[in-house]
Amino acid sequence: PAVTDETWQSLIIEADGPVLVEFWAPWCGPCRIIHPVIAELSTEYDGKLKCFKLNTDESPSTTTKYGIRSIPTIMIFKNGLKKDAIIGSVPKTTLISNMKKFL
């Protein structure tokens, strides 16, 4: 599901448990490559991890707040705090090893 500047506080900051957010844009090729990987993780870790995506073109305020300069950027939040960030289209195994620290 998508998150926006307007829904960021309720969906990410106030979320129970760990949350993965992909910062992306429709024109970004590497973003299209990593979308299915994150969709798989969302299914595999259902109930343990929430996954969202934020369109950087449509939510410039949040994009700027977190200093996003390169997409895709995947951030992991827990208890409203940014815990980790992965920049670029990375293998599923890399995402899993970074996520598991926060589950």
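From the backbone N, Cα and C atoms, a Cβ is placed for every residue, glycine too.
DSSP labels the residues of the domain 'Thioredoxin' (1-103) in these numbers: 37 helix, 26 strand, 40 coil. Sequence annotations record features per position, and here TrEMBL assigns domain 'Thioredoxin' to 1-103.
Per TrEMBL, disulfide bond is recorded for C28-C31. The Cβ of C28 (disulfide bond) has 19 neighbouring Cβ atoms from other residues within 10 Å, across all protein chains displayed.
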